[in-house]
Amino acid sequence: MSGNNIKVVCRFRPQNSLEIREGGTPIIDIDPEGTQLELKGKEFKGNFNFDKVFGMNTAQKDVFDYSIKTIVDDVTAGYNGTVFAYGQTGSGKTFTMMGADIDDEKTKGIIPRIVEQIFDSIMASPSNLEFTVKVSYMEIYMEKVRDLLNPSSENLPIHEDKTKGVYVKGLLEVYVGSTDEVYEVMRRGSNNRVVAYTNMNAESSRSHSIVMFTITQKNVDTGAAKSGKLYLVDLAGSEKVGKTGASGQTLEEAKKINKSLTALGMVINALTDGKSSHVPYRDSKLTRILQESLGGNSRTTLIINCSPSSYNEAETLSTLRFGARAKSIKNKAKVNADLSPAELKALLKKVKSEAVTYQTYIAALEGEVNVWRTGGTVPEGKWVTMDKVSKGDFAGLPPAPGFKSPVSDEGSRPATPVPTLEKDEREEFIKRENELMDQISEKETELTNREKLLESLREEMGYYKEQEQSVTKENQQMTSELSELRLQLQKVSYESKENAITVDSLKEANQDLMAELEELKKNLSEMRQAHKDATDSDKEKRKAEKMAQMMSGFDPSGILNDKERQIRNALSKLDGEQQQTLTVEDLVSLRRELAESKMLVEQHTKTISDLSADKDAMEAKKIELEGRLGALEKEYEELLDKTIAEEEANMQNADVDNLSALKTKLEAQYAEKKEVQQKEIDDLKRELDRKQSGHEKLSAAMTDLRAANDQLQAALSEQPFQAPQDNSDMTEKEKDIERTRKSMAQQLADFEVMKKALMRDLQNRCEKVVELEMSLDETREQYNNVLRASNNKAQQKKMAFLERNLEQLTNVQKQLVEQNASLKKEVALAERKLIARNERIQSLETLLHNAQDKLLNQNKKFEQQLATVRERLEQARSQKSQNSLAALNFSRIAKPLRGNGAAIDNGSDDGSLPTSPTDKRDKRSSWMPGFMNSR
């Protein structure tokens, strides 16, 4: 090292793709000796001197061998050491400290090489030296100290005392026994470190990381101990926001990083300017932790990482100036040694001897002073001096009271014998200690098993607690649902009571209305019966007139009577001339009359067919009239409902008499309608009578015709035969006449039957037609009445108003009586509702009181559960911390190491180091033999 100053090493990395893309070119020139560089920038041109300058293609091993190797040796010898890596973001600090791959011999960084160097130095040390190595890993993120080996420990405090100096309280320190264990610690810690992407670096460190190695050295023979701390600091890079593109959380991190680096620069300025009386270590947690490394008890190496490109000229110049200032810092490094028991005893003996000498000197001086005070004199040769006291020349000194010779004191009691142990006794002590260590290992194994069992029991208890919580939660849900259902049930019961009261009141009102309705129905039926009796006679008369008028149009009695007379004359003629012989002309005339009679019968048959067709037409007309009647009745009902609705709408604010007036008006309209219908029925009856008389006339004509036909047939049968010459012809003619007579008689009989049937059917159809016409006329009259009534609403309203005024005086008393009765009913109803509501209020108050009690109990339970949850949370946190330590596979038990391949248990000859704390706990060598030897 160059004196006791900080060693500053400068390292340049090659240009990256961003710098090449932006047109950057190298602007540095390193001299052949590697201690000076020239910066050829646009803003600044000049030289910088450092302890060593490494170019862009320098290997990791070369940087380590020159810069760091000696510091590791000093730390193992008991000195404190610090290695800084400083530079802008993306300048290669993390690559220098950690490397690309800690398992690659070429690219692994300074920290892996330091780890290997530490254990190599331990292995190369004498066998009587025992070493323990502890590792801790922390980061300073957003000005908060965070333990990377125990991420749950955040914002750790920084303390200071006389023995420890500045330290981080609560920082986890792990004992390690091999490089693999250190690498595992480094991997675990690096995984917890905060990194982020920026435009300058894809994995930019967002915090300062510090790896601290504590190496303790003990001489097992003498008991002397030394300890050294090695700080490996990877600083986060200084950032220019314009280049990194930081924003949001990354921007806040950049602010904190630049703040701590500024505080570091202020500390260096205060240490180097020679004028500052105060060094601002407390301005940043970084400078506070590294207080001993900057101007204190430490041997420090600062590695400044720079970019050679003109693209980052300003950042490179700032970094070089920082390193140049730091180079002038002077540290005061010393060995951190603990005195051995022998050295402490010698020091104690020396101090005791000096104390006795001073006491003797004080006593001699007091004696000389007493002589002078008594007026005596002391010769100059007997004056008290320190040299005489030191030499033990007490004869020439004046006597002093209380003075005792130290020699007599020394001989007054024998010295305590110092026991000396033989080699076999020392081996026995070591063997006993190893046995105790084995027992400790067994106890630790048993403790581990017990902890596992306890953990399983805790998990089981946690499971049961979760089950209990789920059951409790379900119970609470069911309880709440039950409470809600109870409330709903009570609400329903209360509503049912109110509904029952309302139903009772409605029943009473319904009974009153039913009684009134029965009375109205009775009055209406009486009025209908009276009106019906009055209109039945008129309707029958009208119906008879219409039937007579209708049947008169179908009276064929004249024609039938003429033909009947002709047929009867022919038959009479036949009867009168039975004894005479008929001539040919008579027979021809008779046949002609028979043919005419047959034609007349056919004509009447056709007439009957026409009547049948008319009957069918009347049936169709009947159906049509029935449809029209239904439509008119429907329209009448709709119009009536509309009229009633309008009347009710207009009567909302009127008196109750309006309803009576409307009922009276409707009854009058109904009576008028019944009267009109009765008149139409009477007309139809009269028409039916007329048709019946016509039918009787037709039947009489048919009877006459049949009689004439019979007479004619008889006359023909009584006609005598002609001469013998015409006998055959007459016989044939008689047969024809007989057939004709029979045919006419049969036709007359059929005609009579048909006439009767037709007349019955015609009479029935006429009755139906008359009834339909009467109904149609009645409906038309009702429709016209409704139209007239709707057109005269104003007059009807006036009449109703007058009627209401007339009836108002008579109904006042009735209204008052009804109002009084209704008020009494309402009072009773209100009293019942009030009683029900009071019961409801009392039940609700009881439920409220119960709910408050339950709420208090639930609050107490909740507080208890909250306390339990907090306890479990604390247990979980502690368990998490323990799990993180268990994940590292390490323990807090020290792992002593010895050099020259000496086995720690004094029983193995292979110099292998422990690789894991599970490989039979490392036995610590005893310090007792050395203590005994020092005695």
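Just so you know, glycine gets a Cβ as well, placed from its N, Cα and C.
Not measured: the values here are computed from a predicted model.
The domain 'Kinesin motor' annotation in Swiss-Prot covers 5-329 and rests on sequence analysis.
The ATP binding site annotation in Swiss-Prot covers 87-94, 237-244. According to its DSSP assignment, Ser91 (ATP binding site) is coil.
Per Swiss-Prot, the feature coiled coil maps to 342-887; the stated evidence is sequence analysis.
The region 'Disordered' annotation in Swiss-Prot covers 400-419 (among others).
Taken from Swiss-Prot, the feature region 'Disordered' covers 898-935 (among others).
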Residue, out of the binding-site residues Thr89, Ser91, whose Cβ gathers the largest set of other Cβ atoms within 10 Å | Ser91
Counting across all protein chains shown, how many other Cβ atoms sit within 10 Å of the Cβ of Lys93 (ATP binding site)?
-> 26
Row Gly87 (ATP binding site), column other C-beta within 10 angstroms, all chains, value 26
Mean predicted confidence [pLDDT] for the domain 'Kinesin motor' (5-329) = 83
